[in-house]
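Over in TrEMBL, the protein carries these features:
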DOMAIN    25-83  domain 'RGS'
REGION    136-161  region 'Disordered'
COMPBIAS  144-161  compositional bias 'Polar residues'
DOMAIN    255-287  domain 'RGS'
TRANSMEM  295-317  transmembrane segment
TRANSMEM  324-342  transmembrane segment
TRANSMEM  377-398  transmembrane segment
């Protein structure tokens, strides 16, 4: 446990002077506002959350396959004896489970990189589940319900986000994820090959089948894949055990069936959405809707301030010092307009808050992001002060002239 805690501390200290990587976000090593939950919300605003859902569900499918292979090995049988078709397929084509099935020691790096996408809390939860079901094997990669008292957890027992998952704002987001078919098979009994087929079947019909856009648009969404990675049909069914030689050969492909598509989605998110997410959350703390509201409010208040200022001038209201009260509308107007321009509210930053959805906030906990946002908030405050002082002095200095 001490080694694991030191590893967590090393991860945190290594990010004191840099932004997190995409792998660190997916592995739930980061804190708000650059954690997995905030990245999901960012994709949701762009209507592209399905690609992350697909990645998470395939990750769960692969973890389920690892759990199956470990169950087999714990039973005293070899994978070659238990599933000869998969063994032959993996020897000919290669497999990401080479280390687990005792076939390919050189694939250890690939498996280790996947297992890195687990938080420390996930590993503790897995140990708890293992004890709960009387020592039933659970793979270190299997995602389970979070039992952490963390304020971000607890809304949905089968959240794929683990510790940094759901259970907070917004409610609609929580309901949307909860409405989907579960991707976790209870570990009250050993995992079977039909469970693996059922897992793959759900993923195919939810994300890859062309019918995903028409059958039930609230539950299924076909994601974009290049032609070379598309899977056009799923000939197996989870309702009956494959019997023919062709079906058995097809079933042998189930553990690795979506890995290439998963890697493509990872690269697509890492190269496109993730850099924009970091710019949005590490250099600003407002959502687009909130920034737009500030633009509208700022223009309206500025119009009121200018109207009041010109009225004081052309009515030659005395004493002249009354014009100094114009700093109130000017301050609000300039603050809102500059906040829109930078998508950053300095007052919220000084209170350590960042928006999740419009006008709903959470605390900024990532150290380097705190430092970046604080620096930008100070700059925005200085800029607002200069504009407000300039406008106030300008309207004070102009001599009055009653029309």
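Every residue gets a Cβ built from N, Cα and C, even glycine.
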Model confidence over the domain 'RGS' (255-287), averaged pLDDT: 96
Long-range Cβ neighbours of the domain 'RGS' (255-287) (under 8 Å; 6 or more residues past either end): 19, 22, 25, 33-34, 38-39, 42-43, 45-46, 48, 51-52, 54-55, 58-59, 61-62, 65, 86, 90, 93, 95-97, 196, 200, 203, 208, 223, 225-226, 229, 231, 294, 339-340, 342-345, 348-349, 353-358, 364, 368-369, 372-373, 376
Helix-strand-coil residue split for the domain 'RGS' (255-287), DSSP-based: 24 helix, 0 strand, 9 coil
